[in-house]
Amino acid sequence: MPPLPQNYAQQQPSNWDKFKMGLMMGTTVGVCTGILFGGFAIATQGPGPDGVVRTLGKYIAGSAGTFGLFMSIGSIIRSDSESSPMSHPNLNLQQQARLEMWKLRAKYGIRKD
C-alpha cells in the first residue's frame, strides 16, 4: 500500500478567525484587568451606591470590552500586511529551498542534531 500524501503547508487562519482569536484574548485580559483594578478601586474607595458586585461588574465589562476591541482590531491590522504577495517576493524561493533541503536530508538520511 503506498504511503499517504503529505501536505507540506497548512492552511492559514482566515481574517475572521484572527478577529475572533484577538477578541477572545483581549476579553480574557480585560476580565483579569477589570478584576484587579476594580477590586483595588473598591478596596480603597468603597463600592459606592451600586454595591460591590455591580461596581466590580462595571469595571470588568468596561475593561473586557476595551481590550477585546483593540486586540481584535490589532490582529486584523497585523494580518493584512502578510496577505499581499508582493510584501515578500523571495518567500516562495525560500520555501522551495527548504523543501529541497528536506528532501535531500530524507533521501540520504542526514539528521539535523
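Heads up, the Cβ atoms here are built off N, Cα and C, so glycines get one too.
Note that this is a predicted model, so its numbers are computed, not measured.
Per Swiss-Prot, these features apply:
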TOPO_DOM  1-22  topological domain 'Cytoplasmic'
TRANSMEM  23-43  transmembrane segment
TOPO_DOM  44-56  topological domain 'Extracellular'
TRANSMEM  57-77  transmembrane segment
TOPO_DOM  78-113  topological domain 'Cytoplasmic'
- Counts of helix, strand and coil residues, the topological domain 'Extracellular' (44-56), according to DSSP: 7 helix, 0 strand, 6 coil
- Item | Distant-in-sequence neighbours of the topological domain 'Extracellular' (44-56), which means Cβ under 8 A and at least six residues beyond its ends | 34-35, 38
- Task: Averaged across the topological domain 'Cytoplasmic' (1-22), what pLDDT does the model get? Just tell me the whole number, please.
- Result: 77
